Every structure is written in C-alpha cells, then in structure tokens.
C-alpha cells in the first residue's frame with residue numbers, strides 16, 4: 001500500500017478527477033429553489049461554529065452568471081485575501097458554485113475565517129522536523145525517567161512491558177487516524193476542528209477545551225518536576241522551590257514570546273539532546289544487564305525469574321493480586337506515552353507542502369519514541385528488581401527527582417558514583433523543555449478555539465511575530481499553579497497532575513478516534529475513494545480505530561481503580577486521587593451537553609459531512625509550491 005503520494009505523478013490528477021466526480025454526483029447541478037435550500041443546509045456544516053448561516057440565495061446573487069466560474073466579486077475577494085483560488089475552477093458548475101458559496105458563507109459568519117484575517121494569522125514556517133521536535137520536546141519528559149519506577153513497582157517488568165506495548169498499539173492507531181485527517185485537510189483548530197466538522201459542533205467544543213485544560217495543567221506539572229530535579233542538588237530548605245519555578249516560568253514565557261521561528265530552533269536543539277540521551281540510556285542499560293558495570297554483575301533476565309515478571313499490588317496475592325498490579329501499571333504507562341499527537345496542534349503553523357510535512361513528521365515521531373520507550377521498559381526490568389529496597393524507599397519519599405528514578409537506583413546499585421548527577425541533569429533537561437513545549441501547545445489550543453468561534457476573539461490576536469499574545473498571557477497565568485510545589489510535597493502534587501493529565505489525554509484520544517470513524521464513514525457515504533483521494537490512508541481503518549477506541553474507553557474507566565481497592569483494604573478513601581483521576585470525564589460531558597443544549601446542535605449525518613470546504617485552499621497552496629519548485633529546477 002502506497003502511503004506517500006509525493007512520488008506518484010498521477011496523484012494530483014486522481015485527486016482532481018475524484019473531487020469533480022464527487023461533487024457532480026453528490027451536489028445537483030439543477031439549482032432550483034429546493035436544491036439551493038438543500039445546498040444551504042449542507043454548506044452550514046462547514047462552519048466552525050453553529051451560527052445560523054445567511055441565505056445562500058442572497059450570496060449567490062453576487063455571482064452574475066452561474067455558468068462562469070469567476071466573477072468580479074470573486075476576483076475582489078481573492079485580492080483581499082491574497083489567495084490563489086484557481087484550483088476551484090473546474091468544469092463542474094455545481095462544484096464551482098458550491099465551493100464559492102461555501103467560502104462566502106464562512107466569510108460572512110466568521111470574524112476570523114480559518115485564521116486568515118490580518119492580525120490573527122500564525123506564521124507558516126514549521127517543517128516536518130519542527131513538528132517532530134515539538135512532539136519530542138513535549139512528550140519526552142518526566143514519564144520515562146520518573147514514573148517508570150511506579151510502573152515497575154506496581155506490576156513488575158512483565159506487566160510494565162505489556163502495558164507499554166498496549167499503549168504503543170493505541171498510540172499508533174491514534175496517530176494514523178490523526179495523520180489521515182490532517183493530510184486531507186489540515187485545520188488550524190486541529191482536534192476540535194475535526195470534531196466540529198465530522199461529528200458535532202458540541203463535540204468539537206468539548207474536545208478543544210479538554211485538550212486545552214490538559215496542557216494548562218501539564219506546563220506547571222513539568223515545572224514542578226524541574227524544580228524537584230534541582231532540589232536533588234539544592235535542598236528546599238536552602239532555597240525555596242518558588243525561586244526555581246520563577247526562573248523556569250520566565251524562560252518558558254520568553255521563548256514563546258520570541259516567535260515560532262526562534263522557538264522551533266530551541267526545540268530542535270532540545271529534541272536532538274533528548275533523543276541522544278534516550279539512545280545513551282538504552283546502550284548503558286544493556287551494558288549493565290550484560291555485566292558491563294563496575295561490579296560485573298550480569299543480571300540478564302534474573303529479575304524476571306526472581307522475584308518474577310509480575311508483581312502483586314500492595315498486600316494482595318495470587319492471580320488477583322498480579323492482575324491488580326497489571327492494572328495499576330497502566331496509569332504511569334499512559335502518562336509516559338500520552339501526548340504524541342501534539343504535532344496536530346501545530347498544523348496552523350506548518351509550511352508548504354503541508355501534507356508532506358505532516359506525513360513525514362508522523363513517520364519520524366512513531367519510528368523513534370515508542371520503540372525507544374518499549375526497549376527501555378524491557379531493559380529497566382533487567383537491571384533492577386521490582387522489590388528492590390531502594391526502589392520501594394524512593395516511592396515513599398517526598399522528592400520527585402533523580403532519587404525517584406529507577407534508572408538512577410540501578411546505577412547506584414551498580415556502584416557508579418557520578419552518573420546519578422548526570423542522570424538528574426538529563427531529567428532537568430527533559431522536564432524543562434517539556435514545560436516549554438506544553439506552554440506552547442496550551443497557547444495554540446486556545447488560539448484554535450478562538451479562531452473557530454469557541455473562545456473570545458481576543459485570544460486569537462497575534463503580534464508581528466505571529467504569536468497569540470493574549471493567549472500567551474492567559475496560559476502563563478495558569479502556569480503559576482507550579483507554585484503549589486513551593487509549599488507541598490512535590491511527589492504528591494506531581495501525582496495529582498499525572499492523574500489529571502492522563503484523563504484529559506485519553507479523552508482527546510477518544511475524540512480523535514471518533515472523529516476519524518465519522519470521517520471514514522462520510523468518505524464512504526459520499527463515494528470518495530480513500531486510496532486515490534487521500535494523501536495518507538490509516539492502515540486497517542476503520543477496524544483498528546474501533547478496537548483502539550474500545551481499549552481507550554476501558555483504560556479511562558479503570559486507570560484509577562486502585563482507590564477502591566485501597567478503600568476495601570484500609571477503609572480509607574483517597575478522594576483527592578479519585579477526583580483528580582476522573583474529573584476530566586464529567587468536565588468533557590458537561591462541556592458537550594451545555595454547548596449542545598444552548599446552540600441546539602445535532603450530530604452530523606455522514607452524507608452531510610463537509611469534506612471539501614478549505615481543502616481547495618490547501619490544494620492551491622501546494623500546487624503553487626510545487627509549480628515554484630519545478631520552475632526553480
């Protein structure tokens with residue numbers, strides 16, 4: 001199956017032919033009053049917010065002749081927006097009129113139509129390696145370095161590896177689903193945009209805010225972890241953690257204020273460092289397992305045999321205890337791999353050719369992070385036992401730095417004195433760059449909600465560098481939550497952050513999968529050939545999306561079930577963990593139903609899903625890019 005159409009000379013011809021056939025078969029060419037009314041109803045689905053669209057007849061009156069694909073008003077509109085709309089000039093009168101009318105409707109009803117209004121534009125400069133760098137910087141953080149110790153202790157090496165493999169499968173399906181939608185029509189409001197367009201405007205609203213809330217929480221979470229890493233060298237009684245958090249906050253805000261070009265340069269550097277560190281950890285862990293440490297202890301798979309590959313959860317025993325341990329391992333594994341979809345939030349700043357950059361970023365991301373994480377999970381279970389006394393002690397302390405890392409404990413057990421400090425420096429690099437990226441993502445998520453009409457207009461206002469300046473100010477204010485670490489145990493605060501992040505992250509995955517299923521149903525219902533029309537086709541879709549959706553729904557329900565086990569055993573209910581672990585679910589449904597009842601939105605039928613609005617804009621940009629590239633050869 002050919003997933004990359006860059007080298008296929010027939011691709012663009014097939015896209016244009018299928019687009020014409022789809023319009024000719026689905027949108028009638030006899031524009032009487034009934035068909036005009038029907039077209040009006042269908043065009044309204046292309047809007048990013050469910051305002052009542054003006055009559056399509058009043059707009060089409062501006063088109064002097066239906067048979068002509070261009071008119072004076074069209075030319076004036078193109079001049080205002082500096083857009084090449086030649087790709088919408090087809091031999092199909094129905095196709096041409098529909099696209100022009102759809103565009104006019106969006107111009108009239110949206111104050112910032114798809115982020116093209118002056119003063120609300122982002123800068124389109126990110127290449128595929130920049131999209132990958134955003135993902136590497138945002139997702140390679142405290143998860144693999146710190147929370148992997150909790151995963152190993154809760155379930156043992158076997159449970160930890162299986163959980164990582166399950167999450168890798170889910171992650172792959174979600175990334176493929178997102179890549180197929182993003183390479184078809186890259187939307188500046190990303191996940192919420194696809195939910196709005198393919199499912200229900202209320203669904204897009206809930207998805208957008210759930211994702212936004214996730215990164216409002218993640219940025220201070222990583223700041224808290226970075227502050228804890230510094231406390232490995234400087235105790236909190238010597239210098240208050242608020243000092244380190246203040247420094248980190250200033251650095252994060254400054255780098256995001258400079259503009260996406262400077263930000264991307266910094267993130268590329270951090271991403272390279274992170275990948276090199278991960279590769280070094282793999283080599284070093286393998287060396288320790290093979291007896292290459294100072295003590296020459298060749299552990300191999302010793303700890304998989306004794307005390308065993310599967311650990312029982314706390315005081316439970318037998319098969320039920322091991323199964324409980326396996327389920328308790330899911331939470332830290334989810335936290336480690338959640339967030340690989342973040343490149344989707346940067347679609348609004350992707351450079352041409354957008355589809356190729358998105359696809360190449362998708363391949364680069366999945367070829368590095370999940371394989372590295374699964375390999376490290378395997379090796380970690382080889383170099384340290386899940387019942388290691390130092391590991392158990394580290395999980396009961398209040399710190400959240402290198403002393404809590406299972407890798408550092410394994411290094412100490414091997415008798416290497418200097419490496420724990422080096423590992424703590426690596427943790428600091430990981431979490432600092434992650435906090436920087438997560439602030440960037442929160443800003444762009446709020447910007448996407450604003451340009452789609454789901455947040456105040458002011459949050460899409462950009463400065464000369466293309467930075468949503470008011471979104472930056474708002475999100476930076478919420479980053480002050482990191483100061484909670486100044487007066488409370490960093491491990492406790494970090495645990496609450498992990499719970500909140502995972503529930504919002506899983507709701508985002510569910511939203512992406514549901515949007516993709518609706519997208520594939522709409523493509524089939526409207527007679528579009530996925531193999532020829534799509535730039536990238538998700539493997540095994542839609543079946544893989546159905547399977548993954550089922551798994552993720554189960555995960556979101558059971559990930560914090562241990563609070564009930566602890567209550568049954570100790571008669572003490574940890575309501576803080578319960579609330580932080582499940583609060584995202586009622587928030588998501590509350591957002592969905594409040595928006596739905598207020599705006600009276602409906603789930604969009606597959607036959608009425610708008611698969612064409614804004615696609616021609618992307619087609620025209622890419623055609624212009626390739627024409628320019630060809631002329632320069």
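Keep in mind that glycine also has a Cβ here, set from the backbone N, Cα and C atoms.
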Margin query: Between the candidate ranges 87-108, 109-130, 131-152, where does TrEMBL place the transmembrane segment annotation?
Written below: 131-152
Check: According to TrEMBL, which listed range is transmembrane segment: 492-514, 607-629?
Finding: 492-514
Note to self: Between 302-322, 323-343, 386-406, I'd like to know which one TrEMBL lists as transmembrane segment.
What the structure shows: 323-343
Next item on the list: Would you mind telling me which of 58-77, 198-217, 218-237 TrEMBL tags as transmembrane segment?
Entry: 198-217
Next item on the list: May I ask for the residues of the chain that lie six or more residues beyond the transmembrane segment (578-595) and have a Cβ under 8 Å from a Cβ within it?
Entry: 201-203, 205-206, 209-210, 213-214, 496, 499-500, 502-504, 506-507, 556, 559-560, 563, 601
Notebook entry, point to check: How about the transmembrane segment (323-343) and the transmembrane segment (272-292): at least 3 CB pairs under 8 Å, pairs 6 or more apart in sequence, or not?
Noted result: no
Next item on the list: Mark yes when the transmembrane segment (131-152) and the transmembrane segment (158-178) have three or more Cβ pairs under 8 Å (sequence separation 6 or more) and no when they do not.
Entry: yes
Margin query: How about long-range neighbours of the transmembrane segment (492-514): same chain, 6 or more residues beyond its ends, C-beta under 8 Å?
Written below: 142, 146-147, 170, 173-174, 177-178, 191, 194-195, 199, 203, 206-207, 210-211, 213-214, 217-218, 220-221, 224-225, 228, 331-332, 334-335, 338-339, 341, 398, 400, 484-485, 545, 548-549, 552-553, 555-556, 559-560, 576-577, 580-585, 588
Margin query: With a cut-off of 8 Å between Cβ atoms, can you find at least three pairs linking the transmembrane segment (467-486) to the transmembrane segment (242-260)? Only pairs 6 or more residues apart in sequence count.
Written below: yes
Notebook entry, point to check: Over the domain 'Amino acid permease/ SLC12A' (136-602), what does the predicted model average in pLDDT?
Noted result: 88
Checklist line | Interface-richest range of 131-152, 198-217, 535-558 toward the transmembrane segment (272-292), CB pairs under 8 Å | finding: 131-152
